[in-house]
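See structure below.
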Amino acid sequence: MGKKTKRTADSSSSEDEEEYVVEKVLDRRVVKGQVEYLLKWKGFSEEHNTWEPEKNLDCPELISEFMKKYKKMKEGENNKPREKSESNKRKSNFSNSADDIKSKKKREQSNDIARGFERGLEPEKIIGATDSCGDLMFLMKWKDTDEADLVLAKEANVKCPQIVIAFYEERLTWHAYPEDAENKEKETAKS
């Protein structure tokens, strides 16, 4: 189910903001360090799809659902052989409709968009963690920018282990049990 999000109305009063319902999150990109999502708006055709900054959105379930699919797609790309079969090549040469060309350009652009560590930014700290995508993911804050990306914990463990350790240390709690305190007092009294 879509959620409402603010989007400026195309009216003469630029201060008015209306709320529209997001039907689906279609893609993700980072522009100048800011995460944006390509949205399909409920009740509007695909030609009205827009890129919206993450901070303007109020649809965490749809974003989470998209990230699950995105992660699976990324893993699939890494496991796919690079060569295409001859039949696939022929098939793609015959599909030249405007829609096919548009969707091909969108796919090419989305594949070129760097995400997470691919952006080449230096990690500053981990803001939070989630397993909503099936694997443990960290919300990584980058140095010299206000932006953050979800990154695989496995990747963060290798690329910035000290930041991962600091994240866990900040959340580490010790539980003292009354019997432990009594035993320590007895040992101290004996010495």
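Glycine too: its Cβ is placed from the backbone N, Cα and C atoms.
Record check of Lys32, Lys68, Lys125, Lys159 in Swiss-Prot: the feature SUMO2 cross-link is attached to Lys32. Per Swiss-Prot, the residue annotated phosphoserine among Ser92, Ser103, Ser110 is Ser92. Screening Ser14, Ser45, Ser132 against Swiss-Prot annotations picks out Ser14 (annotated as phosphoserine).
Swiss-Prot gives the label SUMO2 cross-link to one of Lys84, Lys91, namely Lys91. Record check of Ser11, Ser64 in Swiss-Prot: the feature phosphoserine is attached to Ser11. A Cα-Cα distance of 57 Å separates Lys184 (SUMO2 cross-link) from Lys32 (SUMO2 cross-link). There are 17 other CB atoms within 10 A of the CB of Lys40 (N6-acetyllysine), with all protein chains counted. Taken together, the residues in the domain 'Chromo 2' (121-179) have a mean pLDDT of 90 on the 0 to 100 scale. For Lys154 (SUMO2 cross-link) paired with Lys32 (SUMO2 cross-link), the C-alpha to C-alpha distance reads 26 Å. The distance from the Cα of Lys32 (SUMO2 cross-link) to the Cα of Lys40 (N6-acetyllysine) comes to 23 Å.
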